[in-house]
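Structure first, commentary second.
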Amino acid sequence: MSDYDFDVIVIGAGPGGYVAAIRAAQLGLKTACVESRETLGGTCLNVGCIPSKAMLHASEYYDKAVNGEMAKMGIKATVELDLDTMQGQRKDAVKGLTGGIEYLFKKNKVEWLKGHGAFTGKDTIDVAGKSYRAKNIVIATGSSVTPLPGVEIDEKVVVSSTGALEFTKVPKHLVVIGGGVIGLELGSVWKRLGAKVTVVEFLDQLLPGMDGEIRKEAAKIFKKQGMELKLGTKVTGVTSKGGKATVTVEPAAGGAAETLEADAVLVSIGRRPNTDGLALERAGLTVNKRGQIEIGHDFDTATPGIWAIGDVVPGPMLAHKAEDEGIAVAENIAGLTGIVNHDVIPGVVYTMPEIAGVGLTEEQAKERGDVKVGKFPMLANSRAKTNHEPEGFVKVIADAKTDKVLGVHIIASVAGTMIAQAAQAMEFGATSEDIAYTCHAHPTHSEAIKEAAMAVTGKPIHI
Ligand code: FAD
Ligand code: NAI
């Protein structure tokens, strides 16, 4: 292999990087992965997807026991919160899965280069004082929390998502800045465990980028659950003293200021790509206005032999998008054809009910041409109704002429699981009729997708 140390060095062992490294090794390439964290798995496994879902899952059980949902089914219990144990199972979940990646690295002979990686040339990087040369370098350095100017995150009282996963007691009043995915998921966790939760969102609706009707329905449901929503409101300052914080807010359009006293403040106004300390200039690379590394169709950057994937490149910041890009980039490096269909990337918010979407929103679809829309309420779905989960609906958007499915949006208890079939149908170029004539098992929540597809032509059965 001439004077190269590796065929491929991947910088970052998140879902993008570790998957790219494993696939590259599976394809016979000599591969290393640089990671500065103590454990592999990146944001997702350590402080993101996995620990947040561990807390969402556990807090949902607690909530159902406390709020009378279980009693409705004849299960009466005196319930007590043991937050230490709940946090313990979160840590166990993270430990198990991050250790699993280390095992997979060993199994596939991916070498873990421990430390911070920085370019010293177009094909060389430095890690912990040692220089490595590779034919291909994949940048998969992910993202970190976007700070709010003038607001200092101490991870105790004023926290990012990382601190909000680790509270050792339930805050009496949690103010969440940003009504996006993190704010609603982690706001839900602490609301269920007994906190008063106030969400301050700059825009006039929650969850930017999602279908308009879904956003409105979500706000209605969260309000009903007892979350206080301050929409169209901006934060002008946060001060913290003696374990308490004061948040000053005012209407986004201007107006009288108001202060909110809080025991904890979660800053969740988005995430930004990690490129600091990479010395990209030594690799001949720059970042765009949003701090992202621009890539071509094959995940190639402006410098031949350097590739980039995941949160550090444009597109939704999602683990499954990063993973698919990881597989595709490794296949491209190996001379195969690695492709990701960026038009069909599902997104899921793991609240209760869950909120999921794939493809175009109704607003986007209408901008492109005539559409037909079919909707079906979960209230009319036998399984959801039987399970006491009547909230939400399924919406199927199809092209008015060709009937091709352009987008599917769901609010339902298991929307995250249901959306997979919509993504698969869209990947196969399905029409709404294809979905309507596919036999769905009864009684399942997924039948609501079939009925929404039937509603596109006006003929659902159960409404
Ligand atoms: P990352 O996972 O961020 O990994 C990058 C890794 O690179 C990090 O470990 C970092 O330490 C390392 N690194 C960076 N620079 C260097 C360097 N110079 N040298 C060495 N190592 C370096 N997405 C979902 O799809 N579903 C979810 O449910 C979900 N939940 C989330 C919950 C939270 C609270 C958060 C914060 C995020 C969540 N996400 C979720 C988003 C998801 O975590 C990211 O989209 C995903 O982790 C991106 O993967 P990545 O490989 O691009 O980067
Ligand atoms: P986000 O982009 O989802 O939401 C940020 C929200 O903050 C937006 O609604 C925005 O309008 C608002 N905002 C911005 N500036 C503000 C200000 N000054 N005052 C008040 N509101 C303000 O970002 P979030 O929630 O931080 O999550 C970051 C990323 O992490 C997401 O984009 C998502 O890709 C990923 N993620 C995915 C999850 C999932 O797939 N279930 C779960 C958690 C995170």
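Any Cβ shown, glycine's included, is placed from N, Cα and C.
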Cysteine of Cys33, Cys49 paired with Cys44 via disulfide, per TrEMBL: Cys49
Further NAD(+) ligand in TrEMBL, beside Gly178, Gly179, Gly180, Val181, Ile182, Gly183, Leu184, Glu185, Glu201, within candidate set Gly115, Gly270, Gly277: Gly270
Pairwise CA distance, His442 (active site, proton acceptor) versus Lys53 (FAD binding site), rounded so that it is a whole Å: 28
Three-state secondary structure, which DSSP defines for Ser143 (FAD binding site): strand
Recorded positions close to ligand 1 - of Cys49, Gly178, Gly180, Ile182, Ala319, His442, only those whose C-beta is under 6 Å away: Cys49, Ile182, Ala319
Coarse DSSP state, helix versus strand versus coil, of Met317 (FAD binding site): coil
Cα distance (Å, whole number) from Met317 (FAD binding site) to Gly180 (NAD(+) binding site): 13
Of Cys44, Lys53, Thr141, Leu184, recorded positions neighbouring ligand 2, Cβ under 6 A: none
Entry from the recorded positions list Lys53, His442 having the most other CB atoms no farther than 10 A: Lys53
